[in-house]
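Now, the feature entries from TrEMBL:
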TRANSMEM  B:77-101  transmembrane segment
TRANSMEM  B:129-150  transmembrane segment
TRANSMEM  B:241-265  transmembrane segment
TRANSMEM  B:277-300  transmembrane segment
TRANSMEM  B:320-346  transmembrane segment
TRANSMEM  B:367-387  transmembrane segment
TRANSMEM  B:440-459  transmembrane segment
TRANSMEM  B:466-489  transmembrane segment
TRANSMEM  B:509-538  transmembrane segment
DOMAIN    B:581-655  domain 'CBS'
DOMAIN    B:697-755  domain 'CBS'
Number of protein chains: 2
Amino acid sequence: MNRNRSSSFTTTKYGTMSRYSNNKIDSFSENEDTVPIGSLNILSAKYESLDYEVVENFVYRDEERKKGYQYVVKKNFVRWIIFFWIGVITATVGIIIDLSIENIADFKFSHVKQYIEECNQKNCLWRPYILLLVYNVVPVLIGSTLVAYVEPVALGSGIPQVKCYLNGIKIPRLVRIKTLFIKVIGVITTVVGGMCGGKEGPMIHAGAVIAAGISQGKSTTFNKDFGVLNYFREDNEKRDFVSGGAAAGVAAAFGSPVGGVLFSLEEGASFWNQGLTWRIFFASMISTFTLNVVLSAYHGHPGELTYWGLLNFGKFNNFALSYEIFELPIFVIMGIIGGLTGALFCHLNYKLTVFRMRHLVSRWKKVLEAILVCCSTATVGFLLMLWRNDCKPSGLDPTKYAVQLNCNDGEYNYMASLWLQVPEASVRSFFHDPEESLDVATLVYFAIAYYLLTIWTYGLSVSAGLFIPCLATGAAWGRLIGIGVQFIFPGADVGKYALIGAASQLGGAVRMTISLTVILIEATGNITFGLPLMICLLTAKWIGDYFTESIYDIHIQLSGIPLMAWDPPPLSSNIYANEVMSHPVAVFKSKETVGQIIDTLKTYTYNGFPVVDGIFNLDSEESYCNNYKPNGRLRGLILRSQLIVLLQNKVFNEVPSAWDNVSLTTFRQDYPRYSNIDSIEILESERHYTIDLLRFMNPSPYIVQHMASLPRIFRLFRAMGLRHIVVVNDSNEVVGMVTRKDLTRYRVWRHRGTLGVVELRISAKL
Amino acid sequence: MNRNRSSSFTTTKYGTMSRYSNNKIDSFSENEDTVPIGSLNILSAKYESLDYEVVENFVYRDEERKKGYQYVVKKNFVRWIIFFWIGVITATVGIIIDLSIENIADFKFSHVKQYIEECNQKNCLWRPYILLLVYNVVPVLIGSTLVAYVEPVALGSGIPQVKCYLNGIKIPRLVRIKTLFIKVIGVITTVVGGMCGGKEGPMIHAGAVIAAGISQGKSTTFNKDFGVLNYFREDNEKRDFVSGGAAAGVAAAFGSPVGGVLFSLEEGASFWNQGLTWRIFFASMISTFTLNVVLSAYHGHPGELTYWGLLNFGKFNNFALSYEIFELPIFVIMGIIGGLTGALFCHLNYKLTVFRMRHLVSRWKKVLEAILVCCSTATVGFLLMLWRNDCKPSGLDPTKYAVQLNCNDGEYNYMASLWLQVPEASVRSFFHDPEESLDVATLVYFAIAYYLLTIWTYGLSVSAGLFIPCLATGAAWGRLIGIGVQFIFPGADVGKYALIGAASQLGGAVRMTISLTVILIEATGNITFGLPLMICLLTAKWIGDYFTESIYDIHIQLSGIPLMAWDPPPLSSNIYANEVMSHPVAVFKSKETVGQIIDTLKTYTYNGFPVVDGIFNLDSEESYCNNYKPNGRLRGLILRSQLIVLLQNKVFNEVPSAWDNVSLTTFRQDYPRYSNIDSIEILESERHYTIDLLRFMNPSPYIVQHMASLPRIFRLFRAMGLRHIVVVNDSNEVVGMVTRKDLTRYRVWRHRGTLGVVELRISAKL
């Protein structure tokens with residue numbers, strides 16, 4: 001089951017395949033040893049799958065026999081309680097983030113504004129500039145240091161990582177409470193530090209951590225096990241809760257409970273379960289509601305419930321969002337622009353990320369870059385304020401920190417007020433500010449500056465999301481187009497075009513179409529505007545996909561994470577299981593010696609081992625025709641984690657006392673972090689003891705025959721959320737194993753109207 | 001594979017099982033021959049599954065090899081086009097229904113109103129009564145005759161049937177164009193005939209038919225094959241389109257595109273596919289948009305786009321739908337009331353349906369009952385008008401056909417105006433009419449009368465939905481509660497309570513929670529009111545489920561349709577494949593004689609036959625230990641429909657010419673209605689010819705081992721949308737087959753806080 005051997009085997013096979021197939025699959029014939037940095041066509045060998053399959057072994061059946069239906073009812077009830085708390089606590093975290101940012105930013109901007117007003121006359125504008133720098137650099141330094149040195153998985157928005165987790169990939173430390181702390185501090189510092197980042201994406205990650213934390217009744221960070229809820233200590237149960245948490249995060253971030261549910265489904269669960277979906281919806285509703293109640297009360301309107309999410313688009317009036325049919329083509333054009341700018345965004349950020357992977361590897365460099373971007377952002381903003389004298393009469397100052405900078409008395413500098421507020425507020429300004437207040441030039445400069453700064457910011461060692469900066473950029477150029485439309489059709493509302501622009505820009509970058517439409521509908525609070533939003537998002541997605549992958553997918557591919565696609569590669573039914581699988585397979589006999597188990601676990605890194613009878617069945621003729629050695633008749637499948645638990649607890653046939661204490665709880669004790677095989681101490685005398693694997697193995701793992709096609713294996717794997725599929729021959733003898741990496745190796749690309757399949761390389765070095 | 005034998009075998013086995021299991025499964029030991037009418041615990045043997053699995057045989061792989069990736073791109077593009085047209089045509093059908101009802105009802109009510117006004121003074125009120133009867137009976141007679149005599153599957157709303165179709169069950173004639181015609185006429189006549197039925201539910205069925213029709217490029221009703229789109233002639237492709245059609249139907253009916261998508265997912269697809277969902281959303285949006293454009297233009301506001309769906313809740317102002325936290329408990333109480341009345345509704349309708357199954361079997365009796373209900377509805381309405389002198393000053397007549405009946409000059413009879421309008425308009429009256437216009441007594445009488453009439457109407461031989469009558473009943477009692485709340489908290493808006501009441505009543509009856517919440521949010525056009533709607537719907541569902549199944553599920557169970565649940569029965573991992581499966585199995589050799597194939601097809605009704613090598617392997621020892629005869633080593637699975645096509649086209653090894661023309665098109669030609677085996681003519685001499693099944697069989701069907709547990713088989717079957725699972729022993733020899741009925745036999749019931757599993761009987765007589 002040597003990976004390299006297996007891979008070269010299939011490459012050879014492809015040579016044979018393509019002779020009688022028109023559909024050539026590009027395969028990499030480069031030297032296996034070089035891993036070009038920035039390649040999107042390499043899978044990292046280090047990512048493992050989650051175990052969604054319930055192992056129905058004797059121990060499990062034993063436990064089930066002891067419990068009555070009452071237990072099922074109770075467990076179900078507890079699930080609802082947990083989802084309730086996921087909603088409440090996610091909202092609480094959202095509130096903490098929101099209020100911290102609001103208060104710190106308020107303090108900062110008031111202080112800076114005061115200095116600017118003082119210095120405007122005295123020609124000492126370097127003083128507020130320095131002040132702004134200090135106010136920005138200090139928090140960003142804290143945040144980026146924490147992310148770089150303490151918990152790198154808290155980097156960015158966390159959306160790609162949560163997406164991978166829901167897809168079934170184990171991302172180490174993703175859902176630990178420590179990560180949540182770093183993330184919360186990171187988001188607050190980033191937004192307060194004036195960088196082009198939002199607080200919404202990280203809420204999704206926060207929700208996921210909270211869900212994982214509550215549902216497990218223990219915390220690795222605090223080294224505390226409350227001993228409760230241990231029946232939820234399984235990957236499949238945990239994933240259900242995490243999808244609820246992610247949804248609750250979306251709900252809190254955007255005030256969008258339905259959008260939250262759709263996000264979780266779009267990015268995560270392949271199997272739609274009515275009961276689960278309803279619980280996810282419940283958590284989302286509770287989350288939105290809690291946030292709303294608290295924020296409304298905080299802002300002095302208890303009971304009015306007008307704060308639907310962290311992101312607040314402000315109130316569009318009904319007139320603003322009505323549209324005529326002739327406007328639909330304009331929305332399509334804006335979608336095209338969004339798709340193009342989005343694709344360019346992805347491409348430039350990809351180049352930048354590759355540069356970072358090459359040259360900014362050490363932690364201090366990462367922190368330094370964050371500081372550099374932070375200073376640049378402040379400088380660009382400050383220079384634009386000074387340079388663009390966009391003076392407006394003071395009556396029209398809808399922004400909070402209007403300053404007179406370079407303007408006459410009774411006027412204020414609009415460009416300055418755009419930069420002297422948090423990005424969300426700028427988005428609202430573009431949506432709602434009166435027509436007179438925003439000049440064309442101001443919009444152009446803002447859009448370009450913000451677009452470039454956002455590209456530079458995403459992927460930095462700070463915690464921040466992409467939603468708000470994209471929305472701000474898009475809103476700026478959308479409003480520009482609105483002003484253009486007004487020339488032709490006077491009376492058109494520019495705010496509406498700003499909204500469409502914002503949606504197009506965001507859609508062009510992230511390409512999350514269904515949930516994003518619903519999120520924006522809910523954030524806008526207006527259902528009638530759904531069709532225009534959908535049209536522009538769909539156009540932006542199509543145009544963007546024509547050129548690049550989504551920004552999230554690019555980062556996932558750069559990390560070599562084996563994300564499963566939704567569908568098997570097209571026209572691949574002539575690829576058979578024996579070309580897909582890894583082999584030969586390390587197997588165990590049904591009654592295996594401890595020594596053999598330990599040696600095998602130490603030799604191989606695999607996580608699942610078939611249990612077989614009669615290794616090397618030489619009589620079986622057909623096996624040899626197919627060029628691979630069969631490994632005996634399949635009896636079941638045992639997991640590495642189970643073997644480790646068995647060894648740790650010394651559940652040997654020769655030690656009868658150990659048998660009494662073996663129950664499901666024994667196996668759940670260490671979930672999800674089992675010991676390493678090297679740390680397990682076994683006496684030399686015990687190496688000859690045996691373990692009865694029949695009792696603990698999964699007696700009926702999912703299997704496919706060696707004649708099964710790639711699409712068939714793929715669908716089985718995807719729909720059932722599997723980690724291992726055993727490949728058997730006609731006599732039910734094990735001939736290979738299929739894992740996630742074997743399947744994700746075949747990746748479909750769709751660019752510029754064509755489509756193809758590329759075979760990725762798997763490397764342990766990425 | 002005798003069903004009775006298999007069933008009694010498992011019953012015996014259960015006796016053994018329960019000895020070492022605490023979780024007793026109730027099994028029926030009654031005489032197999034009696035089928036008690038009205039039993040909910042019998043599955044009908046007549047329903048077949050759809051074939052979602054793609055058969056990847058040599059022919060398929062051959063075709064795939066010939067097509068390039070360009071073909072995949074094209075096919076995908078055509079899918080989008082089809083979904084576009086599904087949206088447009090579904091909306092068109094909705095518009096036809098809406099405008100027909102509006103115009104005919106307008107004519108009717110104006111005429112009746114005129115007579116009432118004339119006769120009010122002259123004491124000849126019997127004349128308008130007779131007129132109303134005639135106006136009602138004539139359309140209902142037409143509609144119910146069509147439904148009873150021409151197409152019984154057009155009965156009711158069609159929602160349960162569409163739900164079953166999406167679940168994977170073949171419902172004969174459900175998606176034919178003829179059914180659509182009958183349904184459209186049926187709905188128009190029912191609503192025009194003044195019965196307690198809505199036009200919204202049938203839109204879902206209409207959308208499903210349209211989708212199936214467009215996507216197949218042919219019509220059985222018109223006996224016309226356009227010869228296009230034959231690559232979509234597969235059950236799995238067709239189902240995808242039908243889910244889009246159902247969603248488009250919901251979108252058109254309620255102006256709820258997101259709700260439509262969620263409906264399709266909630267009721268249908270088990271496997272969530274991003275691409276498909278996005279296309280479904282697209283069709284829904286197009287459908288809503290088309291309906292909106294046309295209806296807005298028709299009503300003289302082109303471009304304003306204010307007609308979002310057939311069901312129009314009218315415009316709530318923002319004040320009306322704001323709520324305070326103290327109101328949430330009231331909403332919970334209303335949810336409880338809705339759950340109770342909903343459960344009673346289901347129970348009474350169940351009793352009535354059983355009565356109908358017993359005594360109203362012949363068609364003329366069904367038509368007669370429809371006429372009787374129609375007359376009763378008219379009579380009850382007329383009596384209430386005469387009896388309740390609910391006179392209001394004429395200034396306050398928000399309804400369209402206000403009459404002076406029994407009132408002084410300058411006044412109008414409110415009760416009369418409630419009955420002299422279509423039910424949707426009554427719902428709007430309860431939501432929006434000024435507080436002074438509705439008396440408590442009027443509401444009480446209306447609610448009770450409508451509630452009972454709706455129970456009587458549902459299940460009649462007419463096409464009509466349940467949504468509107470439930471909403472009207474609920475709105476009436478909801479408004480009553482609103483009036484009560486006003487006593488304690490003056491200033492509360494009664495319309496809001498009417499809305500909650502409507503939602504609770506509907507939720508208590510149909511229990512479709514997620515999609516219903518979103519549908520109501522979208523129909524109301526107000527997102528902030530989502531939480532109260534969710535709370536009352538959730539409460540109504542919980543309370544309702546405590547007592548009965550949903551009204552749809554009751555009707556599905558009464559018909560014995562083998563609907564797959566979402567999850568396997570709990571605590572059933574000690575039920576093994578060999579207890580679930582049917583056996584012995586009829587199998588074929590890989591090269592089988594024509595005579596043998598014909599005899600087997602005539603003897604058995606099964607639809608899938610394993611292809612095996614070496615029938616009766618006597619050497620295999622372990623097989624006999626398990627008490628069942630193995631059937632040779634599994635090579636593949638061949639379907640009845642494939643065999644029929646092979647026989648029809650005489651694809652015999654001895655007739656080389658026939659081989660040239662065999663392609664996938666040959667198999668798709670007759671889809672979905674293949675000939676019966678009895679109608680196939682084979683010469684006596686051809687009976688000794690052979691067919692090479694290896695070329696056409698599915699070479700790697702999904703299999704489970706005989707040790708697999710029920711939950712494992714269930715999940716595989718559910719997630720992959722299978723029709724057959726082959727059960728093999730340790731040597732890969734066929735020992736049994738699992739089909740939908742084998743799995744749906746185990747049904748979970750949850751009532752009054754407990755839960756259990758009942759084993760259903762399968763009967764060919766239902």
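Just so you know, the numbers here start at 1 and follow the chain as drawn.
Cβ atoms are placed via backbone N, Cα and C, with glycine included.
When each of B:129-150, B:277-300, B:466-489, B:509-538 is scored by its Cβ pairs under 8 Å to the transmembrane segment (B:77-101), the top-ranked stretch turns out to be B:277-300.
Across B:129-150, B:320-346, B:440-459, B:466-489, B:509-538, stretch B:129-150 shows the highest tally of CB pairs under 8 A with the transmembrane segment (B:367-387). By the Cβ criterion (distance under 8 Å, sequence gap of 6 or more), the transmembrane segment (B:509-538) is not counted as touching the transmembrane segment (B:129-150), fewer than 3 such pairs being found. Outside the transmembrane segment (B:241-265) by six or more residues, the chain places 82-83, 86-87, 90-91, 93-94, 162, 165-166, 175, 199-201, 203-212, 214-215, 232, 272, 276-277, 279-281, 283-288, 291-292, 307-312, 512, 514-516, 518-519, 521-523 with a CB less than 8 A from a CB of the stretch. Highest Cβ pair count under 8 Å relative to the transmembrane segment (B:320-346), across stretches B:129-150, B:440-459, B:466-489: B:466-489. Sequence-distant contacts of the transmembrane segment (B:440-459) (same chain, six or more residues past either end, CB-CB distance under 8 Å): 155-156, 195-197, 341, 345, 348-349, 352-353, 356, 373, 376-377, 380-381, 384, 388, 390, 414-415, 418, 426, 466, 469-470, 472-473, 476-477, 479-480, 483, 551, 555. Per-residue confidence over the domain 'CBS' (B:697-755) averages out at a pLDDT of 87.
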